[in-house]
Structures are given as C-alpha cells and as structure tokens.
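> Can you read through this structure? Questions will come right after.
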Amino acid sequence: MAFAVSDELLGTFVPIAVYWLYSGLYIVMDRMEIDDYRLHPKGEDEVKNVVSKWTVVKGVLVQQGFQIAVSLLLFTIIGDDSGTVRKQPPALVIALQFIIAMFVMDTWQYFMHRYMHINKFLYKHIHSKHHTLVVPYAFGALYNHPLEGLILDTIGGALSFLVAGMTPRTSIFFFSFATIKTVDDHCGLWLPGNILHMLFSNNSAYHDIHHQLYGNKYNFSQPFFVMWDKILGTYMPYTLEERKGGGLEARPVNLGLAAQSKSD
C-alpha cells in the first residue's frame, strides 16, 4: 500500500526542513577557508551579538511552531473535504502567481517591518530581539520575537498564498524559495557566483547594512526586491570594499547620512 503525504503537509513542513538544511550548508562553509568572502571578520559574531547561538536555535524553533500551527489551520479552513487534489495551473500562471506572491510578501513585510522601527514601544519590546544579531548568520534569519514572527512572516506568508491564489502544491516551492532567500540574506557572506546576488539587489550585503546601527532606519525591504525602499526614501546605497585583514565590508555610499542616522 502506497504511503501518500498531502500537499498541505508538504507545504507546511518542507520549507522548515529547507531552512535548516540550507542553514546547515552555511554552517559547513563557516568552517572552511572562506575569510575573503565574509562581510564581518570571523568571530565578530561572538563579540557583537548579545545572544548565544543555542538561544537563537530555540527562538527559531518557537517561531516555526507558530508557523506550523497557522499553516495547518489555514489549510484546514480552505481545504476541500472531498480530499480532491487541486489541479495545477499552466506554468505561465504559476510564474505569475510567484510574482504576485513576491510582491504581496515584500509589501507586507516592508510596511510592518518599518512600523516596528518607527514605533518605539514595538521596537524596544518586539523587533529589537532580531537586532540583537548585529552580525547576521544563516540560521538566525528567523530569530524574532514570536509576535513579530507571527505578524511579519507567518501572516505575511498566508496573505501571499491567498492573494496569489496558488495551490498547496505550488506553495511548497514558493515558500521553500522564500526560505532560501531569507536565509541567504542573513548568511553574512558574499560568495562569488551566488545566483541570488545576481538576480536580486536585496541580498546579504544590502540587509547587513540594515543590521548596523547606522542603517537601522534604512533598507527595510525583504526578502526579494528593494522597490519600497527606493520609492519611500529609505534606500541606503552601499559599496562592497575589501577590509583590512581580509574579507569584505558593505559601506554606505553617503557617509554623512550614515553618521546622522547613527547619532539619531
């Protein structure tokens, strides 16, 4: 007798598996001689980050628990009691659904993310938890306060799924892709040949700027495009420069703007 797993269960659990597998790839690379591609000197995370990596792991697992609960609830509400699997639309339609979902997710996360910086109460008690990682690393991508994870990531993901009208099967691939992109943006590396860096201006260097004190009010966009930052004046351009002692550093082009933001 064949054992079948529903698309809904795969759409719920595959992106979580992808998160840890892709993060694991960066953990392995971190132990290799890749210092020339680091955006921060090796070991700086141990100095600047105020939480342990074990604390980060536990925090991410809590968020993923909420993610599982909301996902299963959503699929239960919209599910068909007959058990019939929805037919996949043509490839062109799926591609369009991906674009719509990316736009919805980016829009939701930009405005929610920015508001969590503007509102001092929300920043102090909610969003600052993510910024305890001044030096980002891959498996810290979803290290957030549970409420932030629910609002920013889980609800944002649900809206993307619903507005795009994708099937549960399509969601497996979309959310796995979004997970890879989010982890990559926090990896702290600028690897040659990284196709995500070639396709998206929103990348590990772009997001690293936001994690620094001078970039705290800029580069809110995540995880795909930078359009809202550019449209609404929160875009901080940067250059990648070689750092003394090896590696790379994302430096703001407008140093005056960075200094003013740091002092605010």
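First residue shown is number 1, and so on along the chain.
Every residue, even glycine, has its Cβ placed from backbone N, Cα and C.
Sequence annotations record features per position, and here TrEMBL assigns domain 'Fatty acid hydroxylase' to 98-234. The transmembrane segment annotation in TrEMBL covers 12-29, 60-79, 91-111.
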> Let me spell it out: take the transmembrane segment (60-79), skip the flanking residues so only those 6+ beyond its ends count, and list any with a Cβ under 8 Å from a Cβ in it.
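That would be 8, 11-13, 16, 19, 139-144, 146, 149-150, 153-155, 157-158, 161-162, 168.
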> Restricting attention to the domain 'Fatty acid hydroxylase' (98-234), give the mean pLDDT.
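Reported value for the domain 'Fatty acid hydroxylase' (98-234) is a mean pLDDT of 95.
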